[in-house]
Amino acid sequence: MGFSEARAYRAFGGRSTWLTVFLALANSLAVSAKCAADYFVDSLPGQPDSPQVQMHAGHIEINHKTSANLFFWHVANQHIADKPRTVIWLNGGPGCSSEDGALMEIGPYRVTNDHLLNHTDGSWDEFANLLFVDQPVGTGFSYVSTGAYVSELGEMASQFVTFLEKWFELFPHYEKNDLYFAGESYAGQYIPYIARAILDRNKKGESLTRWKLKGILIGNGWISPRHQYLSYLPYAYQEGIIQGGTDSSSRVEAKLSKCLNKLNVEDSTGTVQISACEEVLQAIIDETHKGNRCINMYDIRLTDEYSACGMNWPPDLENMAPYLRFKNVTKALHINSDKQTGWSECSGAVSGHFRALKSKPSVELLPGLLEEGLPILLFSGQKDMICNHIGNEDLIKDMKWSGGTGFELSPGVWAPRQDWIFEGESAGFYQQARNLTYVLFYNASHMVPFNYPPRSREMLDRFIGVDIADIGGNPADSRIDGEKGPATSVRAHPNSTAAAEREKEKVKSAMWKAYYKSGEVALIVVAIAAVIWGVFIWRSRQKHQDRGYEFRGIYPMLGSSSSGSLPRYSNKRGRRGHDVEAVNIYEAELDERPSRVVSARSSREQEPYVVGDEDGSDVDDDTSDERKRLVDKP
């Protein structure tokens with residue numbers, strides 16, 4: 001021990017407890033100082049000037065020990081209807097990023113081939129806040145220590161509840177929103193488990209704020225593996241992919257026979273994945289192999305190079321993947337550059353660990369959710385094969401809940417299929433009974449909103465109860481069995497002056513509530529730390545004066561230019577001196593903010609953030625391996 005260190009130790013011996021307590025509080029203060037403003041996305045490269053879109057993005061730690069962080073991307077609603085609503089969107093995989101949903105499906109923007117962002121007609125942020133989350137840990141921009149990946153659905157749901165608790169601490173005014181979950185494919189497993197976890201959490205007592213879960217939507221869901229496996233060959237026959245009585249059909253039927261044996265032996269209604277049954281779909285795809293082409297399993301109207309067979313689809317992926325790797329984009333989204341997470345559409349490491357061997361399939365949770373009063377909407381794109389509509393329709397037909405089977409209205413009487421006409425075109429059909437709604441989209445793929453943003457938005461607004469008759473705007477012409485439902489707007493933004501004034505009042509109220517809630521917590525921590533610090537300094541000075549020492553701070557040997565945590569804390573809030581988490585930004589701030597338009601030239605001049613080769617190839621090697629597993633759905 002050197003002279004200065006020894007002197008400091010003698011000077012502050014007996015103060016280690018005080019020092020430990022203070023440092024712990026200082027650390028807590030630094031953590032609590034992380035606020036919504038730190039996540040604010042000022043602009044994105046290539047973002048259009050209008051309409052203004054308020055966004056927040058970044059990582060939230062859900063487990064310090066394993067460095068488990070989930071990435072979120074929040075998009076605020078353009079307008080508030082009768083009440084605020086938040087839709088949480090999850091893509092599937094397992095291990096596929098929800099940026100697919102954000103930039104190719106329901107989000108406000110699509111990426112062009114010159115790295116600009118175009119606004120999407122029919123995006124879901126018109127009357128609902130959107131929250132995209134990369135989960136489980138390790139998916140997309142999320143990260144976790146090696147070996148700490150999630151393997152079961154219950155564990156995934158528990159981690160997601162932890163994420164929501166921390167997210168609502170940052171954005172407290174959203175905690176009182178009506179809450180909906182939406183997603184597709186393997187999210188058909190995620191979402192019912194998360195819904196179950198939320199309903200169970202709400203029963204734990206009055207100390208917790210009850211989250212107002214109002215419904216879930218699942219598109220082309222991997223919900224009942226048994227029904228889906230058994231639907232592959234009937235779907236192939238129905239769509240003319242395989243002809244009965246041919247050598248092709250015999251080869252596929254042989255694979256199906258092995259699958260049936262496995263299903264019967266294991267009685268595996270309670271199994272999420274059966275490798276022997278995965279071979280049925282692969283056999284069908286192999287029968288379409290001609291030259292170097294094969295059928296696209298996500299949209300059977302298309303072909304792809306063999307053996308991708310749909311893995312290169314949708315075409316927007318070619319633009320989106322490099323965009324999400326540009327340094328200026330990752331910086332705008334507050335990606336933790338120290339972790340070098342990069343971005344890939346699907347993670348082989350996540351899917352390799354997430355086998356759900358001990359988890360029952362989510363179809364077994366649906367009856368209980370429905371009977372507890374949770375509305376559920378299942379929708380299917382007609383031209384998807386991997387999670388095709390026959391499998392989902394069969395699971396509904398066999399499911400029992402609330403005293404009936406399937407869409408029974410009474411014993412032997414089923415709810416009719418109601419024709420859906422959207423803006424003069426036959427769009428599909430609706431069928432509903434006892435809290436469950438099913439929608440089939442004609443001529444749509446595995447990713448319905450990719451094909452039909454306005455139609456999918458109309459479905460959402462109808463499900464969550466938006467009626468623009470109260471706020472102004474041009475309603476869409478959408479009719480079910482010839483009858484118009486609530487007025488919904490899928491293109492034109494409401495322009496009612498009265499609506500704008502009402503919305504401004506709601507924004508102001510929500511903003512101040514958010515300030516009060518987050519401010520109270522920070523004030524308490526600051527007050528406690530200040531009191532302890534003051535007592536510590538006073539007692540130390542008294543002791544030192546008695547001993548003839550001069551007080552110079554906690555670590556006098558460091559001199560006056562300390563780089564400790566407290567000086568850094570003064571800059572934690574970044575460029576803004578206040579929290580910008582409220583539903584919308586002050587009009588004055590919008591006026592002062594520079595234009596968000598970034599020219600194609602300036603966007604291209606930015607150095608791309610490339611994971612892997614200099615050519616910016618799409619994904620790492622484990623991604624292609626993962627997507628070859630047919631159970632892995634985007």
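Cβ atoms are placed via backbone N, Cα and C, with glycine included.
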Of the ranges 335-362, 475-502, 559-586, which one does Swiss-Prot flag as region 'Disordered'? 475-502
Please give me the CB contact count at 10 A for ASP384 (active site), counting all chains in the structure. 28
Please state whether DSSP places SER185 (active site) in a helix, a strand or coil. coil
Reported as an integer number of Å, what is the Cα distance between ASP384 (active site) and SER185 (active site)? 11
